[in-house]
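Feature annotations, courtesy of TrEMBL:
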DOMAIN    161-483  domain 'PDEase'
BINDING   237, 238, 239, 240, 241, 278, 387, 438  AMP binding site
ACT_SITE  237  active site, proton donor
BINDING   241, 277, 278, 387  Zn(2+) 1 binding site
BINDING   278  Zn(2+) 2 binding site
REGION    479-536  region 'Disordered'
């Protein structure tokens with residue numbers, strides 16, 4: 001099958017616009033314009049930068065060079081053509097055969113890059129969806145990335161245009177244990193593949209692939225499917241959030257108490273749970289699913305609806321890829337159950353239950369990490385901390401996450417208004433401000449949890465997190481003071497006296513999967529939205 005892509009010409013001696021550089025996989029060529037006049041492969045090999053495409057922007061229709069075999073025959077000044085040959089057999093969902101993509105020539109014309117133009121020798125293999133084509137091309141990139149992560153190279157190395165970006169991502173991975181790790185930058189450098197790259201790197205770093213004899217192709221396939229089952233249109237609950245939680249989980253696993261006590265199985269489960277803890281999140285919380293009579297609410301009987309769905313979705317992908325198929329059946333089932341126990345612990349409506357149990361253990365000083373059940377409980381608490389650690393990040397990162405979660409939260413409120421449903425607490429953009437939401441969330445949810453975690457693991461990391469939390473809370477307080485309330489209905493953070501009632505609602509601000517008693521009980525007079533609609 002021949003695929004032709006239209007590319008506009010961007011002179012290399014002209015500064016690249018900032019809006020292009022901020023795009024994932026942004027173009028970043030060398031400033032030397034001599035490349036256009038010399039098709040010598042040795043000079044082409046010095047060309048640096050990455051190329052991506054954005055089908056919605058005619059000024060930046062760049063096609064990403066993906067492939068295990070890349071051959072440049074000619075490059076003319078104003079005539080750049082790409083022809084790729086991709087051969088594959090139609091298979092079931094999530095099938096990623098090895099591809100051989102041969103990029104030979106380059107050209108420019110006026111059609112959209114999304115069109116597939118049959119050429120000479122075109123052989124139809126049946127209809128190919130855009131989603132499936134992206135998966136196939138993505139897997140080709142992962143094959144190249146895996147060689148870099150394993151430290152192996154081609155016998156006859158060929159230069160790929162985005163080599164420079166892969167190198168920058170590798171440099172970031174060398175500092176993956178830093179609490180200041182910028183997951184947004186890392187996601188751009190990996191062209192939106194932060195979750196796959198991060199998780200594979202950490203599993204490989206711990207030697208878990210060899211220890212558990214995990215098939216690398218199956219593992220890649222599993223991670224690709226996990227990343228794609230996150231909804232990229234969700235402002236907050238997307239694959240970048242999962243990658244951020246996975247990186248935070250790694251930081252906690254390195255804490256002295258855990259590092260010397262956790263088994264390899266504990267580490268494997270902890271990383272997989274972090275990567276899949278919000279799998280297939282719809283971008284709305286549990287009360288919304290209940291009040292709209294969503295099929296997931298009925299399936300899980302209104303109890304930890306989203307968390308059960310995340311767990312079952314993860315198990316489905318594990319079984320579909322056969323990642324644990326080589327293990328004894330009972331051992332595989334045990335790992336699936338433990339994975340579920342970790343994911344279910346992220347239900348914010350059970351925050352007081354887990355926090356109370358944690359506090360009791362610390363008061364009685366009876367935590368024994370040589371005990372398997374105690375280690376598993378600490379993993380649950382670590383995942384809970386990782387899931388809501390955004391307020392404990394540096395301000396530049398924390399503020400971005402606050403904006404994203406508030407956007408998702410208010411979007412749910414807009415949907416509820418559209419369908420004339422009761423607006424969930426803190427989902428009304430006209431009655432709530434981002435600053436007040438964040439202050440309430442930090443006060444009644446984040447601070448109590450991280451204070452107890454600091455008692456358990458009194459390390460430099462814990463002090464750093466609590467320090468950032470205090471500074472960020474003060475920063476939001478200052479912003480709130482500067483705001484001019486547009487109406488007397490503007491909500492203020494709940495008082496300490498009402499912390500018990502306000503805690504679930506505050507939790508919802510940074511975790512839209514939260515459950516609230518008020519909305520759950522009010523679901524009886526609900527209206528039903530057709531299943532499968534965008535709003536659900």
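Using N, Cα and C of the backbone, Cβ positions are placed for all residues, glycine too.
Here the features listed in TrEMBL are painted onto the structure.
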residue: 238; record: AMP binding site; contacts (Cβ under 8 Å, 6+ apart): 230, 231, 232, 281
residue: 239; record: AMP binding site; contacts (Cβ under 8 Å, 6+ apart): 192, 194, 195, 227, 230, 232
residue: 240; record: AMP binding site; contacts (Cβ under 8 Å, 6+ apart): 183, 184, 187, 194, 195
residue: 241; record: AMP binding site; contacts (Cβ under 8 Å, 6+ apart): 230, 278, 401
residue: 277; record: Zn(2+) 1 binding site; contacts (Cβ under 8 Å, 6+ apart): 242, 245, 310, 342, 343, 346, 383, 387
Within 8 Å of the Cβ centroid of the Zn(2+) 1 site residues 241, 277, 278, 387, which other residues of the same chain have their Cβ?
237, 242, 245, 274, 281, 346
Among 278, 387, the most crowded of the binding-site residues [Cβ within 10 Å]:
278
List nothing but the one residue from 237, 438 whose Cβ has the fewest other Cβ atoms within 10 Å; the candidates are the binding-site residues.
237
Overall pLDDT for the domain 'PDEase' (161-483), taken as the rounded mean:
96
